[in-house]
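*Asks:* So TrEMBL lists the following for this protein:
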type	residues	note
ACT_SITE	Glu1085	active site, proton acceptor
BINDING	Ser156, Ile157, Gly158, Gly159, Asn160, Asp172, Leu212, Arg232	FAD binding site
BINDING	Gln590, Phe621, Arg734, Gly909	Mo-molybdopterin binding site
DOMAIN	43-222	domain 'FAD-binding PCMH-type'
Amino acid sequence: MEDLGFNSFCKTKESRMPVYDNNQGISRFPEFLKSECKSNLLLGSEKLRWLTPKAFLELDNMLLSINSNRVGLVKLVVGNTSAGYYKELENCDTYIDLRYIPELSCIRRDPVGIEIGAAVTISKAICALREGAIVYKKIAAHMEKIGTKFVQNTGSIGGNLVMAQREHFPSDIATILLGAGAFVNIRSGTAYETVSLEEFLERPHLDSKSVLSSVKIPLWELDRKLLFETYRAAPRAHGNALAYVNAAFLAELSSCGSSGGAVLNKCLLAFGAYGKKHAIRAREVEKLLTGRVLTARVLYEAINLVKATVVPEEGTGSEAYRSSVAVGFLFEFLSPLADATIGISRCTLSSKDAEENYEEGGHVKCPRMLSSSRQVFQLHIDYRPVGEPIVTSGAALQASGEAVYADDIPSPENCLHGSFVYSTKPLARVRGIQVNPKSQSNWISGLINYKDIPKGGKNVGSMTIFGSEPLFADDFTQCAGDRLAFLVAGTQKEADVASRLAIVNYDLENLEAPILTVEDAVARSSFFQVPPFLYPKEVGDFSKGMAEADHQIFSAEVKIDSQYYFYMESQTALAVPDEDNCMVVYSSSQCPEYVHATIAQCIGVPEHNVRVITRRVGGGFGGKAIKSMPVATACALAAHVLRQPVRIYVNRKTDMIMAGGRHPMKITYSVGFKSTGKITALKLDILVDAGIYTDISPVIPSNFMAVLRKYDWGALSFDIKVCKTNTVSRSAMRGPGEVQGSYVAEAIIENIASTLSVNADCVRKINLHTHDSLMLFHPDSSGEVPEYTLSLIWEKLAQSSEYSQRREMVSEFNKCNVWKKRGLSCVPIVHELIVRPAPGRVSILRDGSIVVEVGGIELGQGLWTKVKQMTAFALGLIKCDALEVDLLEKVRIIQADTLSLIQGGFTAGSTTSESSCEAVRLCCEILVERLRPLKEKLKTEMGSVQWEMLIQQAHMQVVNLSTSSYSGPDFSSNRYLTYGAAVSEVEVNLLTGGTTILRSDILYDCGRSLNPAVDLGQIEGAYVQGIGYFMLEEYTRNSDGLVTSDGTWTYKIPTVDTIPKQFNVEILSSGNHKNRVLSSKACGEPPLLLASSVHCATRAAVRAAREQLQSWGYHDEYGPTFNLEVPAVMPTVKEQCGLDNVETYMKWKMSTHRVEQ
């Protein structure tokens, strides 16, 4: 199954997909693949049925037959998109597809409104509503924000409303249609009933004979003065995220003759998704407003009543925030009408101004997702093709779907599938595991646990230099998420369902309480030891530094939470038993060598009996390092015990629960500083939550302190404890410890700036290193004076980003805008990198093509691309005729194979690409030396030497054309520093807490980039992943430490609508670095740290909001010093801006202006 990189698993004779031609028009599905496709209507069991009635009568007969025969679970579907939200643990026996009943799929218009069939897809409803009145257009615009295009094209209007009624789904569609006064038609047998949508949502579930047939949206005449708006506050502004709150308001207005104010003749106020069973009409608020002249006093009464009406159920989460946002929505809707200086005509839908919100043809204008970007780099041609921005190796294969990942390998004959059974308790005895009767027992082939480990094997699931972690818990589970067993079944779905339904019998009697926090760990002295060689060194005299300070801050706290890896490809492995007690394992791993050793120890065989193959990995970020080992080991153990191939693709929920992620921390610090902002001393007490096993946690203190040293702290003292808690062990994640250290440094700077009432960027600048202070804080990696580029980067970025001008513009914007504030921040990084040894092998085949093996794994970071370029450059030094152009195309990088190339180590720490390149360069250097005498001889004889001729002659003359090397840098030069800075501008909506990144400018020192295109992608990708950590991604756990953010519905990574609207990246070409690989520097992890500039800019905007609150007379809680948590999600930002800022504003306005009572 292993090969040289082409798709050996394709069953057809075609080796590549057809080349895309954009002049050809619509691209059709390739003919040669059609025969490979199977109908998606096959349900895999004769007992399951998929029925497609063509008429209501046929549907009635089906339902009658099903009820009379007492068939099991029945589900009426259109697109069945609900399965993505409500995971089915029990298979339905019958699915009835309603798409082919004409009455359910038609759209009718009449003088009083539009009627949309229940089976009409959301996308078709959007198209129909765009063609109607402005109210319809606004509904369509809101629907555009619901789900992905796939969901819109598949899910139905009726299905969404039924989910809202039956399953209490937090629907946007239900809310906006409720606000538009919609009705629904229900068919029961041959009878029809029309009820308001409000009544439908409050009714019991539809019985087995009833079907929602259509929804009717009234036509609101524009000759009446009308105002209609929809709102949603969601983690993603433009869709694919459930709202915290949504709303839709409609009002009919008239003018009060005496005062000229607006009178609300009628209003519909709908709120939804805020933590109740379904969307509601705020009837009491409507009653309060109807018939009254809208003044500031009336508006104040209305928002207070909304606050009392929109009350989430206990346990919803962010309850106060949701109520606050509902208040903000109503305020935003009505406040223009309460302003006597604004006429009604300027607010209503019949005005000309409203038409400006629509494009030609009446389509709602959609906000632009990304306005512009700029990438700048300097091209070097000294080492061609190294330094050129060539396309990533394998990009076409990945784009076409032909690239083979571990889970793409076809299952061998009799292959079984596995799924983990994990603990939901943090500390308990495990009395037994039972298969739930609801899961069909004939599915299950085995339940593997620690008792099945063969004689001579060990219960080991992963290994590092710090120790090992068991593959399975024994009689005690140590944490929620602990692996208890490996359930094996015939298909992956069967295994997943059976493992989820498995019943674990726990016993908590006479057990100590689990340690679930770092505070608990300190109280009970539960720590992991950090080896002395890894514990960082202090700098200077803290007491002396504090004595020199003009100001001091004592015992300030910073808390940092975790982050999940969210690789596109989940953990996956395939284990195939081989002859002579051997095992071949295909693993998606960043460290096949360690997977190899772990499997051998677990099943008790010599390492030469195990072979681990990894071609490429679909994203790792550290999560495919240690955490990939137990996945592959469990498959290998099951395959060894059952003597059958076993594979697994870990479902996202299970992976999120077991992954651990980034290390949470609690930091307490004391700092001294001058009135100028110059810091004289810093002391930190750091508690790192490592979880239950060591993993790589002992390196976190060193990584944390290395990056925190980006500023000159004067004197630096610290105490770091790595805490052992009863939670899933944390592991390396892109920039492990370094992201936290960089952020803590910025939090300290921000606190100092707040104390001194100065701009934080001024404090940053005054505390940047000189080269002398850099040598003090980074004695092993500071380098020569010309290599220190941070001062140059800081000044150059200030110019290219127009920092000074934009700072003035931000200040002016904040003065002119009440409900939006902006912030600007510039953040530097000084990042220490360690170059590790790496193996490589280069072989030249008879036809002149070249095969390269490296220990580094292609994770999407462009490692193969850079290695290809280095191979072409280094072999090109032989100087054959017409060689430079062709040699790059002759190079193929092949998969990692632990029995072919050993000592591969970890692909981690950003430097594996350069280490692999250096190993390959050394190989090529040897080959060139072997070939040079023959080349000179041939040139003398023939005058011209072609590459192919040289290689053919070398084969004939028995020249060894294969060689390997092991690149090991000198200890004196295996560390170096890289530098960068970012300027970010953020806008905050004070009514919702929503943040928009208006612009980010990055300047990063790559040395002389090996491939600027790849490095730009790495910089941008790392930065955006950092935005996720600092602004979006909540990795929450319950009181037992079990992860509750266990899927895409609750865990939100950045998407196109959350990245900067203007995104400019420049690579600084910093000249010659003699100890680096062709003067290059790494860029995989450091740019992630620069995303803290977004958090700091948000903090600056929040500070402006708090200053405004103080100007309104709110002095108690909203001073200049505050803690903006990570991630700064909408509820967090809103809380710091004032959950009652609308009420405060209204009271201030009424107290300072004459208000009509």
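All positions are counted from 1 along the displayed chain.
Glycine is no exception: its Cβ is also placed from the backbone N, Cα and C atoms.
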*Asks:* Looking only at C-alpha atoms, tell me how far Gly158 (FAD binding site) is from Arg734 (Mo-molybdopterin binding site), rounded to the nearest Å.
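*Replies:* So the alpha carbons of Gly158 (FAD binding site) and Arg734 (Mo-molybdopterin binding site) sit roughly 43 Å from each other.
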*Asks:* Determine the Cβ neighbour count for Arg232 (FAD binding site): the number of other Cβ atoms within 10 Å of its Cβ.
*Replies:* 27
*Asks:* Rounded to whole angstrom, what's the largest C-alpha distance between any two of Gln590, Phe621, Arg734, Gly909, listed as binding Mo-molybdopterin?
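*Replies:* Per the listed residues, the maximum Cα distance equals 12 Å.
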*Asks:* In the same chain, outside Gln590, Phe621, Arg734, Gly909, whose C-beta lies within 8 angstroms of the Cβ mean position for the Mo-molybdopterin site?
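*Replies:* Output for this site, in sequence order: Gly620, Gly622, Gly623, Ala625, Ala732, Met733, Pro736, Leu859, Thr907, Ala908, Ser910, Gly1084, Glu1085.
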*Asks:* Enter the number of other CB atoms within 10 angstroms of the CB of Glu1085 (active site, proton acceptor).
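*Replies:* For Glu1085 (active site, proton acceptor), the 10 Å Cβ neighbour count is 26.
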*Asks:* Closest of the recorded positions to Arg734 (Mo-molybdopterin binding site), Cα to Cα, picking from Gly159, Asn160, Glu1085?
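*Replies:* The answer is Glu1085.
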*Asks:* State the Cα to Cα distance, in Å, between Leu212 (FAD binding site) and Phe621 (Mo-molybdopterin binding site), rounded to an integer.
*Replies:* 46
*Asks:* Which one is closest to Gln590 (Mo-molybdopterin binding site) in space, judged by CA to CA distance, out of the recorded positions Ser156, Asn160, Glu1085?
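*Replies:* Sorting the recorded positions by distance from Gln590 (Mo-molybdopterin binding site), the top entry is Glu1085.
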*Asks:* Across the domain 'FAD-binding PCMH-type' (43-222), what does the pLDDT come to on average, as a whole number?
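*Replies:* Averaged over the domain 'FAD-binding PCMH-type' (43-222), per-residue pLDDT gives 88.
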*Asks:* Starting from the Cα of Glu1085 (active site, proton acceptor), work out which of the binding-site residues (Ser156, Gly159, Asn160, Arg232) are within 10 Å.
*Replies:* none
*Asks:* Would you mind reading off the Cα separation of Ile157 (FAD binding site) from Phe621 (Mo-molybdopterin binding site), to the nearest angstrom?
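*Replies:* With the alpha carbons as reference points, the distance is 39 Å.
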*Asks:* Looking only at C-alpha atoms, tell me how far Gly159 (FAD binding site) is from Gly909 (Mo-molybdopterin binding site), rounded to the nearest Å.
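*Replies:* Cα-Cα distance, Gly159 (FAD binding site) to Gly909 (Mo-molybdopterin binding site): 48 Å.
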*Asks:* If the FAD binders are Ser156, Ile157, Gly158, Gly159, Asn160, Asp172, Leu212, Arg232 per the record, what's the largest distance between their Cα atoms, in Å?
*Replies:* 26
*Asks:* Measuring Cα to Cα, how many angstrom lie between Ser156 (FAD binding site) and Phe621 (Mo-molybdopterin binding site)?
*Replies:* 37
*Asks:* Please report how many Å separate the Cα atom of Asp172 (FAD binding site) from that of Gly909 (Mo-molybdopterin binding site), as a whole number.
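*Replies:* If we compare the Cα positions of Asp172 (FAD binding site) and Gly909 (Mo-molybdopterin binding site), the gap is 43 Å.
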*Asks:* How many other Cβ atoms sit within 10 Å of the Cβ of Asn160 (FAD binding site)?
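*Replies:* So the number of other Cβ atoms within 10 Å of Asn160 (FAD binding site) is 27.
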